[in-house]
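Report on the following structure.
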Amino acid sequence: MSNKLPTDAELVLPAPAKLNLFLHITGRRADGYHNLQTIFQFLDYADELFFNTRNDGIIKLHTHFIDVPHDSNLITRAANLLKAQTKTPLGADIWINKKLPMGGGIGGGSSNAATTLLALNRLWNTRCDFSKLASLGLQLGADVPVFIQGKAAFAEGIGEQLTFIKPPEQWYLVAIPEINVNTANVFKDPNLTRNTSSINQQDVLLIDGHNDCQAVVLNNYPVVKHAFTLMSEQYPTRMTGTGACLFSAFTTQEQALKAQNQLATQLSCFVAQSTNHSLLHRTLGINSGF
Ligand SMILES: C[C@@](CO)(OP(=O)(O)O)[C@H](O)COP(=O)(O)OP(=O)(O)OC[C@H]1O[C@@H](n2ccc(N)nc2=O)[C@H](O)[C@@H]1O
Ligand SMILES: Nc1ncnc2c1ncn2[C@@H]1O[C@H](COP(=O)(O)OP(=O)(O)O)[C@@H](O)[C@H]1O
């Protein structure tokens, strides 16, 4: 990814990561998608996107991703979708400082799409409300709506039915196994547990839960299994989303940094605080009441 970033962009915004604190798969729909129950909480660890308005209507992503052609990049797709929906004559120049690992289950692509929708809606003055942007975002990925809403949530359906909640804000050590896990392949795996019992909304913050995708990913990706073994020998460890990233919770930053130091020679990892009010919305000055 080439990364010459502008120093004078009109709008600079974060696209934060998320964790799935648990991920239960409760069934498979007729269209092949899976119903799930999960908690999304944000991390104060983010990509950074830079936006300038263009008057000629062109949407240009300047940062090159090695593995993702521009047309299929979720940033370009989000910008094109908002432009088509609102028929604005305006365009945009966009750059990204990419920090979030791709295919890691921390939602970087979805978060990039959500940040792009909120940024351009503001720069283009296209006045779509959150629920309109969330439904546009859902066309790009199941996790985009929660990033648009910017509040930690219990999610059902394919992740789009959101009930806002406030799980404890903690410090996390997040390990990044060097592999990109393909979400579709995890959901296709015959060994995936698809019949976890549904939980009631009022119990969401009372249970510890688990991640149904974890066993499949540990079984199919030795790199993830190795990282999980190293980490779980020391701390309770869980996978986020469909992997590959793994996380352990700590009460203080010091504890999380100490754990990072212990594992640093063997695993690539970062420490971040979880938050119920997204860094994106805090930066935009949107007061969610959270
Ligand atoms: C399961 C989660 C939890 O956060 O995993 P991560 O992507 O974060 O790891 C997400 O909701 C994933 O959302 P997203 O990554 O947008 O998935 P999509 O691109 O919509 O789906 C990729 C493919 O996975 C399968 N899929 C995805 C979501 C779902 N609830 N059921 C499915 O069966 C479908 O085959 C789909 O074609
Ligand atoms: N802007 C983007 N950032 C990251 N991934 C993107 C982007 N646009 C498209 N993708 C594609 O989406 C896939 C999933 O990306 P990502 O959201 O980072 O992972 P996950 O859904 O596992 O958290 C990537 O492997 C990549 O092929």
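The backbone N, Cα and C atoms fix where each Cβ goes, and this holds for glycine too.
In TrEMBL, annotation is done automatically, which means it is predicted and not curated.
Sequence annotations record features per position, and here TrEMBL assigns active site to Lys18, Asp143. The annotation ATP binding site is assigned in TrEMBL to Pro101, Met102, Gly103, Gly104, Gly105, Ile106, Gly107, Gly108, Gly109, Ser110, Ser111. Annotated domain 'GHMP kinase N-terminal' per TrEMBL: 73-150, in sequence order. The domain 'GHMP kinase C-terminal' feature in TrEMBL is assigned to 210-266.
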Sequence-ordered recorded positions from Lys18, Pro101, Gly103, Gly109, Ser111 with Cβ under 6 Å of an atom of ligand 1: none
Greatest C-beta neighbour count within 10 angstroms, which of the binding-site residues Pro101, Gly105, Gly109: Gly105
Listed binding-site residues adjacent to ligand 2, that is, members of Gly103, Gly105, Gly107, Ser111 whose C-beta is under 6 A away: Gly103, Gly105, Gly107
Alpha-carbon distance [Asp143 (active site); Gly109 (ATP binding site)] in Å: 9
Candidate nearest Lys18 (active site) in space, where candidates are the recorded positions Gly103, Gly105, Gly107, Ser111, Asp143 and distance is Cα-Cα: Gly107
For the ATP site built from Pro101, Met102, Gly103, Gly104, Gly105, Ile106, Gly107, Gly108, Gly109, Ser110, Ser111, further residues of that chain with CB within 8 A of the site's CB center: Ala17, Leu100, Gly241
Other C-beta atoms that fall within 10 angstroms of the C-beta of Ser111 (ATP binding site): 31
Between Asp143 (active site) and Gly107 (ATP binding site): CA-CA distance (Å): 7
Tally of residues which DSSP labels helix, strand or coil - the domain 'GHMP kinase N-terminal' (73-150): 44 helix, 7 strand, 27 coil
Lys18 (active site), number of other Cβ atoms within 10 Å: 27
Nearest of the binding-site residues (Gly103, Gly105, Ser111) to Asp143 (active site) - Cα to Cα: Ser111
